[in-house]
Every structure is written in structure tokens, then in C-alpha cells.
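The NAD(+) binding site annotation in TrEMBL covers 31, 32, 33, 34, 35, 80, 81, 111, 134, 170, 285, 309. Annotated active site, N6-AMP-lysine intermediate per TrEMBL: 113, in sequence order. According to TrEMBL, the Zn(2+) binding site annotation covers 403, 406, 421, 427. For 587-665, the entry in TrEMBL reads domain 'BRCT'.
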Ligand SMILES: NC(=O)c1ccc[n+]([C@@H]2O[C@H](COP(=O)([O-])OP(=O)(O)OC[C@H]3O[C@@H](n4cnc5c(N)ncnc54)[C@H](O)[C@@H]3O)[C@@H](O)[C@H]2O)c1
Ligand SMILES: [Zn+2]
């Protein structure tokens, strides 16, 4: 390859990675590798200016706009930031600034660099007008409805704000919320999200803002743009924005000189792990807005700001063995057992290897010296292999073909990364895992019975499925390890009490793949009893609010299995709740008495089902389609144009969500 071809190849490759990262939110290489390649391209372009191209990834902000949202041109362009990785880089930058501005004292604002998705929000007369993603920097996606659902974003401002301005910030997913979301995914047998940044960014692009509202997103603001803002420095801008009601982190500092900047960096490099969200560096900005204007921008960055990136916390250690875990749903997870090593304040002994593809991609082998990194994940991950330290007799990893617990041949469904053990009823960790899920807190919440006891019961052949729990006798328990009279009584009592647990939780407890807590609630509310649900055809089930084809198919598969049918019949005979108890009348008012109302579209404050419930609670009737008998249509986002036309033709009053809510208030 000659230099020109090399440059073109790198540009193409980086464009593809940008697309994977910014549009699909599923990068296929690490940020470190990406930055290396970008640097390589920068170097080549610098040495060969004859191949300059204003469309090169070195010249443009990485993102892109999608077709799913309206495109909005930014009033003020959105830039990326120049990166620096060392003290020397920073001192160089300072020198360039001083050369540019002349011999004047320069102050800096130091802020943390939050790792999420950038956003620009426009306010007019103190009201939120529009929220737009960075996109390619010139134009982005209009995600206003999604941003409105984030509680820390003010819809109305307070205090003494400018008439019109844009404010820039980062949409982040705090660690706690991220872990909670992943916990829920793991519970329903789904693959967890890989890190908070991509999850936050992906959340903004969801079509259903009600879905966004459920995610614990946060918005941290750091920059006000506009004219006549009423302040002269970046630091004052942060203070003002805070007064107007924005969430501006208090962790920022006005530095009188570059030494104070370095102190700030040193402090946060050490303490960043105490923060509730991910940060990947410090952003240093020239404090005076006047100087900022004088310095201006390159095609990609402001010259008046620079990011200092923390080194990812990495450690090198030996991978002793690879073992394989079998989950409740039969999913196989390969795990690296490491020579214990200190990393970001904890000792790491194990790391997830995710799946067969991941192992093959990095060519990870037993005996290798590997690099371990800690991101937002609970479990650290392996990001690479030190090939120079690879032992001469090293063998390529051959992924297991049989289940390590029951020796059944593994399967891998098309389009899925995970291998599965299909021996659902004979594979010990799957059997115990299902019972453990059944008794868990959000499911049957059985007092006196824990995960370890389940394993004990299973090993002693007292239970093989969750129906067997209801036939346990005290005498059988007394012979078990650490099982006294009192614990045995408690266990039997806890099992007895679980017969009162309402249907929706029983349905969740059954452990049907993809049926988490929320889905179980929706299905229970819609079908009211298990017989109706178990006979429901696919086409009908997918009409239920929030139920898609994948979930519906999984429910149907579950109920068509003979073994499951038998277990459910037994559970019924023990007296578990398989019918929704008709709610006592929840009638709140009769404001809507005699009115037939049709609900259509997607809502932000309530789900469609909640609105339907509210209609009944206030004495109204839910209509299934728009006709001359319809009194009102409650219309959310994305209501079909033909429905709208029909309602208009019939002269039916159309209410938006707010109007409906104020009607029943
Ligand atoms: N792995 C991949 O395939 C892949 C592909 C593309 C990009 N990337 C990664 O993405 C990064 C580049 O993304 P980028 O262009 O968004 O740049 P960046 O994340 O390095 O920095 C610029 C952004 O920082 C944000 N920011 C956070 N706190 C800020 C503050 N206090 N003040 C100002 N800005 C603040 C802003 O959103 C701004 O746009 C690199 O780290 C790169 O490795 C990875
Ligand atoms: Zn198995």
C-alpha cells in the first residue's frame, strides 16, 4: 500500500468505527485503539498535506444524524475537544495560547469531563424549546421529547436568565442506575449493556419517550452560548446556569495558572472513582469569554479549551484458566480466572469474557498475560493480550461444545452471541436457578428460604422444580445441614404464605424468558388469568401495550411445553394466585361519566394503559376505535395520520396528554 492508499483505508475504517460508535452505539474496538488509529491518520495527513480532505475523520466531529428524528441545524456549531494525555501536552497548549494572546495573565476553568452523549438545549423566555444531539456538529437529531423526560432538565427556568440561549451538556447514566438496569436484564435472561456511555447515548435515540422516562438518566450542563448573556467568564456562566435551575456539577475550579490546573487534575485522577458517574478526564477552558472569542476555533475544536484524558485504569496479569458458567436460562458465560491483581482500588481475580466471539477476536488463551480494565461495569474486562509475553507452547482457546454441568451439546441461535445449554429440565444450575428466581424478593419473596438452601434441597433430591416446594414436609427438612426446628418451621410458613402473592408476581416468578417484572404486570393486567394468557394467539398478544413479537413467542413456547403445563396445574392445585383479583372499584370521580374515549399514540407522563385506567377511574368508557360514538380522543405522539383525519372529520375533540390530565384533576 502506498501512502495515499493507506490514508484512504484509514479514513474508511475510522468512518465505519464512528458510525458504529455514534449511530449504533455498539463500538467494535476500544476507545484506546480508535484513538491510536486516529493519531496515525493525523500523522500521515500532516506529513502529506497534498492528500488533505475536509471530510477526513480528523477534520470532522465524529457523529452523524439519523433518519429517525427531525434534523435541526445548530444555531451555534457544536465542536469536539482536542485531547491531551500528558503534562507536556498541556504546557504546549498553554504556550500556544500565550503566544496567541500576548503577554497577559490568563485564568482557566477546570471541569470534569463527563462521559455520556452531548446535547444542546435551546431556551426562549425561560422555557425549554428544543433539545438536539451533537450529530455532525453542524446539525443533529431533534430529541426534545426524550430530553423532557429527564427530571434534572428544567422545563421552566427561574431567576434572571437571558431571553434566548443554548446550553450544552452531557446526558449521562449514573453507575447506580446503570447497574440497576443491568440487574433487571440479567433477571430476565438478557445480555447486560456494556457501559453507561453507550447506554445513555442509545437511550436518547429511542422512539418511545415513555421508555426513555423509565431510564435513570441525568443531564450535567457545562456551557452557555448566545449573545448578551450577562456574564464575562466561563466560571460565572456555570454559576449563573446553576441559579437558573440547571444541574451544573459543583466540582469545578477557577485556576489562576497552569500549576493550579495540574493540581486539579492530580486530585481528580485519584478521586474520580468516588463520583456517581463516569468521567474520562478534565476539561480546561480559558476563563475569559473575550479571550475565547479572540482564540476562535479550528475545524474541529475550540482553541480555547482542551481535554486532559485520564489513563484508563489498566493492570496486566496472568490468565490462569477459563471456566464456563451456566445461568438460569442456560446461557453460557466464559469467565477468566486471573492471578489476583490490584486495580482501581480493588483486587481483581475474575473477569468476564462475554462470549465465544469475544475470545476469538482478542485471541485470548490460558497462560496469556492480559490487560484488565475497569469501566462502568461491575465485573472488569479484558481489553487485550500482551503477545510478547505469550508462552511458546500456548494453545489457541477452543470454546466448549458441551455444557460443563450436564454434558449436553450446546446450541447457538442465529443472530445471538451466547451459547445455550438446551437441557432445560436436566441441567443442575438451570434447575436450581429457576427455583432461586421463583423465591426471589420481587417474585414470590419466600421468607426463610435462600439461594443456598435451594441448592441444598435440590442436592438432597427434595425439590426438582418450584412446584415441589409446596410439598415439602417439616420432617424432610430436619435432617438437612444447618436446619434446626425453627428454620424448618419458618421455611414451611414462608412457602404457605406465598400462596397469597398476587398473579402478576406469580407470572414473573415462573421465569419465562423476556418476561420481567413490567412485562408480567402488563400481561396480567390484560389477560386477568393464566388460562386466557396461556391460550392467547401471537397476533393478539402483540397488540398488548409494550408486548413485542419476541416476548409473545417466548410466552407461547413456555405454555406449549408439556412439563410447564404439568407444573402449572400442580401450582394451581396448591392454591397459588392465577387470577387477578378484581380491583375494588377505584372510581375517583364521575367527571367522564357517559363519555367514550379513544386513546392513541405514545405518551410521556403515563403509559397508555395508565391513561385507560384513569378513564375508567373517572367514570368514562374506553373505546377501541374512533367512530361517531367517540366523545374524545386522547392523542399522544405518533398517532397515525389516518386516525387524526378521521377524528377531525367527525368533529371529535382531540386532547393531548396535558389537557387530559388537567381535565381529570
Ligand atoms: N471505539 C470506537 O469505535 C470509537 C469510535 C468513535 C469515537 N470513539 C471515542 O469517542 C471519543 C471521541 O468522542 P468526542 O468527539 O465526543 O470527543 P470527546 O468525548 O473526547 O470530547 C468532547 C466531548 O466531551 C464532552 N464533555 C464532557 N464534559 C465536558 C465539559 N465539562 N466541557 C466541555 N465538553 C465536555 C462534550 O460532549 C464534548 O463534545 C474518543 O474517546 C474516542 O476514542 C470511539
Ligand atoms: Zn447443561
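Heads up, the Cβ atoms here are built off N, Cα and C, so glycines get one too.
Feature annotations (TrEMBL) mapped to structure.
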residue: 31; record: NAD(+) binding site; DSSP class: helix
residue: 81; record: NAD(+) binding site; DSSP class: coil
residue: 113; record: active site, N6-AMP-lysine intermediate; DSSP class: strand
residue: 134; record: NAD(+) binding site; DSSP class: coil
residue: 285; record: NAD(+) binding site; DSSP class: strand
residue: 403; record: Zn(2+) binding site; DSSP class: coil
residue: 421; record: Zn(2+) binding site; DSSP class: coil
residue: 427; record: Zn(2+) binding site; DSSP class: coil
Whole-number Å value for how far residue 113 (active site, N6-AMP-lysine intermediate) lies from residue 35 (NAD(+) binding site) (Cα to Cα): 17
Spatial neighbour of residue 406 (Zn(2+) binding site) that is closest, considering only the recorded positions 31, 81, 113, 134, 285 and their CA atoms: 31
Summary of DSSP states over the domain 'BRCT' (587-665), given as helix, strand and coil counts: 27 helix, 16 strand, 36 coil
Distance from residue 81 (NAD(+) binding site) back to residue 113 (active site, N6-AMP-lysine intermediate), taken between C-alpha atoms, in Å: 10
Rounded Cα separation (Å) that holds between residue 81 (NAD(+) binding site) and residue 421 (Zn(2+) binding site): 47
Env. residues of Zn(2+) site, Cβ within 8 Å of mean position of 403, 406, 421, 427 Cβ: 326, 330, 404, 405, 407, 408, 422, 423, 426, 428, 429, 430
Cβ-Cβ distance under 8 Å to residue 421 (Zn(2+) binding site), same chain, at least six residues away: 326, 330, 332, 403, 405, 406, 408, 410, 427, 430
Same chain, 6+ residues apart, C-beta under 8 Å of the C-beta of residue 33 (NAD(+) binding site), given in sequence order: none
Annotated recorded positions 31, 33, 35, 81, 113, 403, filtered by Cβ under 6 Å to ligand 2: 403
Filtered binding-site residues, from 31, 81, 403, 421, whose Cβ is under 6 Å from an atom of ligand 1: 31, 81
Tertiary neighbours of residue 134 (NAD(+) binding site) (same chain, Cβ under 8 Å, six or more apart): 61, 63, 78, 117, 118, 119, 120, 140
CB contacts for residue 406 (Zn(2+) binding site) [other CB atoms within 10 A, all chains]: 16
